[in-house]
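**Q** If you scroll down you'll find the structure; I have some questions about it.
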């Protein structure tokens, strides 16, 4: 039995409409295809750990590049004392410290390093705690606590104050170049402020050196107060740390201490013998004060007036000769008569002065 053609067409249309509605419903329920790229949690963990000051780190040279590195045992103690940092790892927050470090090594966020100098230097009891030169560890790149160093491989994010400071340096350079045109009061403030800071730094270094020399000669101890005051890489807290580090070297011999004692006494005696007298000190002080006054009192007006004063003087006789040559013989005769009259008047004045 044959079915009518119209019924089949209606059935096809109905089925196609139902399929399109189902597709719309499924499309509305399906999640969007485009998703934001989620950053690796271990990358976030590494950045947070590196920015934290609780993990002690240093800078060293590794393959002609400066790297920031830390010790394995310091990393273990840091993770133990700062469990909140592991919350960034979300599902992997229950991993052990060694497993976390190994994942960081696999993701090339860390690289294991080794010290370049592995032999003791003369007079040293043990190797340096923080070596200044490193090399990549040639064996397995795995985490270890014992005498293992790990360097960060990613670039550290610069804080906002460093960005602002990079824009401030050109302004400061321009301000230094424009110092001669400052008002007199501003010059005095800048001069005495810089002189005071410089005097404070030199006094601190001198007292520090004297204390070290006295401790070394009398007690045989190497004691450096403010040990990081001349460090190239140090935080503000480490820079002004007062108490010195523990002396790990062997005590000096008594012969070397006696030798440097004699040298110090001889230097002090020579300085006292050849010290300048009062007249020389007054002369030096006057000369320095004159230099400072010249710097403080300089101004563009004085520079312009100085240029006008330093112009070569005009030779009157040459100018007169040139003008007479240009004027003709009559004017030259008149000029010669004027010169003779002026000479006679000058002689009369001198004779009258001698008589009086």
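Positions of Cβ are set from backbone N, Cα and C atoms, glycine also.
All TrEMBL annotations are machine predictions without curation.
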**Q** Kindly point out the range from 1-37, 38-74 that TrEMBL annotates with region 'Disordered'.
**A** 1-37
**Q** Per TrEMBL, which of 128-145, 236-253, 254-271, 272-289 is transmembrane segment?
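**A** The range carrying the transmembrane segment annotation in TrEMBL is 254-271.
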